[in-house]
Structures are given as structure tokens and as C-alpha cells.
Amino acid sequence: MRKNIVAGNWKMNNDLPQSETLIADLKKQKQISKAKVMVAPTFTNLWHAFEALRQFDIEVIAQNMHFAENGAYTGEISASMLKSVGVNTVILGHSERREYFNESDELLAKKVDSALANDMSVIFCFGEELADRKSGNQESIVESQIKNALFHLDALAFNNIVMAYEPVWAIGTGETASPEQAQDMHAFIRKTLANKYGSDVADSVSILYGGSVKPNNAQEIFSKPDVDGGLIGGASLKAEDFFAIVNAF
Ligand SMILES: O=C(CO)COP(=O)(O)O
């Protein structure tokens, strides 16, 4: 049975006091659903967040990492550094990393390998841009992103991979994919995995949707059979909103 997951991607928001306040607010929320809950603070807040949430059912995860173990990579953070502050899951391939930091599929394949080699789990993000959707190319774009970054892996590796479909045109725009558009793409993603690895693997991988998920639309999106959760940006910065989404399962 695949897991339902709701992960909050804080992006480059919250300094230490703001992070402390948000975490204190998160601790006051009541979880009714069984979804696994994760939050991804900035690097500078990871250790504090891990310590503060140690006794809670909220996993602290990272937004990015470098593929190398260590060395002359000024400004970068490795998998083992993340693990040393209690982080066992990393988001890779976010469209903002692809767009603003030129992260290619080839680079992402290396990052995925490094995370898995360090016994970390990966939330792997991908999704088409508006022009791709307008020209009807969304499936071929998504398929190539998945193939180029993940299809060198063996089936077993998918025990530690969560897929996150985030159409670029829906991120931070207030425009969500319709529940039907999300379902169609998620079914396509599962079919793509099934073609390569078989249906047992495809059926066991969680596929999250990200892009303007809010308390008022989460339930409808999560009701779709191939949508196993959400990767939440803006709405994860308010504890009440985030937990309204967590509890939408
Ligand atoms: O990018 C996202 C999560 O990674 C989605 O962001 P928004 O929820 O702000 O659209």
C-alpha cells in the first residue's frame, strides 16, 4: 500500500525566529488524517526544526543537496551533512532549482544517486511548463524528465522515491491543475513506471501533486485515485492552512 504524504516546502522563507514560531504553531495542530506529514525548512533551520519536532510525527526534510560527498563546492551541502542533522529525505528537481539554478536531468540523476547511496529518500519533482501544456506536449516532457533522471535505477530503489508532479504553470500562481488534469497526469506517470518496472513497483510509489494546493481545493484533488498527496508551497507557511490540507485526506 502506498503512503499518503503531505509535505510543506517552505522555499526561501522563514528566518530562525519565524521558523520557531511556525513550528510552535504546527505543534498545536491536530492531525485527523493518517497522511505522513513533512516540512522542508531552509538549510539554516534544519537542525533546530529537527530538534523541535523530534517527538512529533512531522518529518523534517531538505529542499536540495549537492551530489558530492564533500570537497571544494563553496556554498553547497551534502547528503551526509543533512543526515548528520537528522534529515533523511530530500526534495530534488524542483522547477525553481531547474529554472534558476540550471539543474538538468543529468545533474539530478547524480543527486538522486547520491541521496540513495546515503540511505536517504527522495521526493523527485518534475512537471511541464505552460507552453508545453498549451501545445499538448505535457506527457512527453514529463516522461523524458522521469526517464532521464530515474530510469537508470533498479526497481528496488523506488522503495525510497516519491514522485511529485508539479506543473510549473500552477506553482505560486493560484492556478491549480484541475483534479481531472492531475489525475490524468498521475495515471500517466504510473503507467510510465509500470512500463519500465512493472505494476507492482508502479502501484507502490506515492505520487504527490504540487501547485497552488490550498485548504479549499485539497480535498477534491486528493480524492483522485492516483493522487497520493501534496507538495505544498505557500499554504505550508501557515500552520492552520497546512493542517487543513493534511486533514483533507
Ligand atoms: O512549488 C510548490 C511546492 O514545492 C508549490 O508551491 P505553491 O503551493 O505555492 O503553488
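Each residue, glycine too, has its Cβ placed from N, Cα and C.
Where the annotation comes from TrEMBL, it is an automatic prediction and has not been curated.
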Listed alongside Asn9, Trp10, Lys11, Ser212, Gly233, Gly234 for substrate in TrEMBL, from Gly71, Gly172, is Gly172
Out of Asn9, Ser212, give me whichever of these binding-site residues has the highest number of other Cβ atoms within 10 Å.
Asn9
Its Cβ having more other Cβ atoms within 10 Å than any other among the binding-site residues Gly233, Gly234, the winner is Gly233
Taking the centroid of the Cβ atoms of Asn9, Trp10, Lys11, Gly172, Ser212, Gly233, Gly234 as the substrate site, which other residues of that chain lie with their Cβ within 8 Å of it, listed in sequence order?
Ile171, Ile232, Ala235, Ser236, Leu237
Run through Trp10, Gly172, Ser212, Gly233, Gly234 for me and report the binding-site residues whose CA is within 10 Å of the CA of His94 (active site, electrophile), in sequence order.
none
Nearest-integer angstrom distance between the alpha carbons (Cα) of Gly234 (substrate binding site) and Glu166 (active site, proton acceptor):
14
